[in-house]
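The structure under discussion appears below in the form of structure tokens.
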Amino acid sequence: MVVSQHLLEHTEEDVENSTQNPDTNSPKPPQKKLALLPLIFLIYFEVAGGPYGEEAAVGAAGPIFAILGFTAFPFIWSIPEALLTAELATTFPGNGGFVIWANEAFGPFWGSLMGFWKFFSAVINLASYPVLCIDYLKLMIPALSSGIPHTLSIFISTLFLSFLNYSGLAIVGYSAVALGVVSLLPFLLLSLISLPKIDPSRWLSFGQEGVKKDWTLYFNTIFWNLNFWDSASTLAGEVDQPHKTFPKALFFSGMLTCFGYIIPLLAATGAMELDQKNWCGGYFADVAEIIAGKWLKFWMEIGAVLSIVGLFEAQLSSAAYQLLGMADLGFIPKIFGDRSKKFNTPWMGILVSTIIAVAMSFFSFNEIISTVNFLYSLGMLLEFASFLWLRRKFPSLKRPFEVPLGMKGLILMCLIPSLLLVYVMSVATKAVFVASAFLTCLGILLYYLMNLCKAKMWVE
């Protein structure tokens, strides 16, 4: 379980091999590794997947605050998180990602708790995607709006998407490339068609008079649309030359995400009069019809469904390989590290993640993302602390990519997003507090239960 000394004593190549295969009995890693292009789009779908979902920021606070939020937030939050991920994922390139980092910094208890916080946030987040998918499909198929057809469609779509993930990470990666291109094209067309109609003064609107600002919804929307940069770190053991590939993939996916959000937002808010109450999830499809016609609305609805498929696949891959990494570290039973003989994918991790996602998919969308944000914030506070402590604990450790700042600069880099995390947590509802406290206690209980089972030799 303790790999710190091992990492310090071996060469970079040995570190990479040993982290991927902590014990000799683990199944061999797949022969086909993730290349740069599919990793870019997997990270992109971990974080964004397109402008779908950013509409609520306009409805909550008006165009100017939405534009400022999606312009400034990447500098406050996304860049620090991406830099942290690039350094730690290349220094400790094993499946498990942030679980390994917390374990190296503070020991197995905090490594395990980090794993449960991030896993619960990931699989609860998974539940939001089939719900969003059906919300777009019901615009074309009204029968899916409610009742048994609605419930059945969520269940079937979740199972189908999970099977696609089971078929192999390389397939998922290149599927993400195709899904990303097709889902972004309608927004590119929307932006080009909007150019002659744009009035820049509309960007400066603080919102319609009489419409109360909903800051909780505003911050939750922006935070939810721009987090999870570190999720792909759990796939580091499956990446070709992670010390070179990860920094490049994070940079290009970051550019794609930022421009993918801000350009369509500027086009839509600048090209039409503001009707703030309409700016909610799915409104971009209506904007497309108003500006270009029904043909672009239909394409955008199809693009939304494809984008949600990509989001689901990327998030499920991250969650499943995280469980594989936790099993290798001994935090959960070894069966969670089992791979499919045919596809070499972590079938147990995919199965458990899918079951939890199905169970959570019947909660409301706002309840889902609020709980996700709270649990993710807890994990990120621990992640920032781990990053700083590892710099202090192992100052001479070779880091293939290193954030070019001294300790004071690193503290400042982590402090600003940490204050944002505390704010996001402080505006959570009582139900979110209760749910997060329950899941935290469950994670702690599972840690001690696992230790007891290992001591009694009930599990391997």
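Using N, Cα and C of the backbone, Cβ positions are placed for all residues, glycine too.
According to TrEMBL, the protein has these features:
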type     : residues : note
COMPBIAS : 17-26    : compositional bias 'Polar residues'
REGION   : 10-31    : region 'Disordered'
TRANSMEM : 34-52    : transmembrane segment
TRANSMEM : 58-77    : transmembrane segment
TRANSMEM : 109-132  : transmembrane segment
TRANSMEM : 139-163  : transmembrane segment
TRANSMEM : 169-193  : transmembrane segment
TRANSMEM : 249-269  : transmembrane segment
TRANSMEM : 302-324  : transmembrane segment
TRANSMEM : 345-365  : transmembrane segment
TRANSMEM : 371-390  : transmembrane segment
TRANSMEM : 410-426  : transmembrane segment
TRANSMEM : 432-450  : transmembrane segment
Kindly say whether the transmembrane segment (432-450) and the transmembrane segment (34-52) touch, using the definition of 3 or more Cβ pairs under 8 Å where each pair is 6 or more positions apart. no
Given the transmembrane segment (371-390), its same-chain partners at Cβ distance under 8 Å and 6+ residues beyond its ends are 81, 84, 87-88, 91, 98, 101-102, 104-106, 110, 113-114, 117-118, 120-121, 124-125, 128, 220, 223-224, 227-228, 230, 397, 407, 410-411, 414, 417-418, 421-422, 424-425, 428, 432-433, 435-436, 439-440
Under an 8 Å Cβ to Cβ limit, what residues of the same chain, 6 or more beyond the ends of the transmembrane segment (410-426), are close to it? 76-77, 80-81, 83-84, 219-220, 223, 373-374, 377-378, 380-381, 384, 387-388, 391, 403
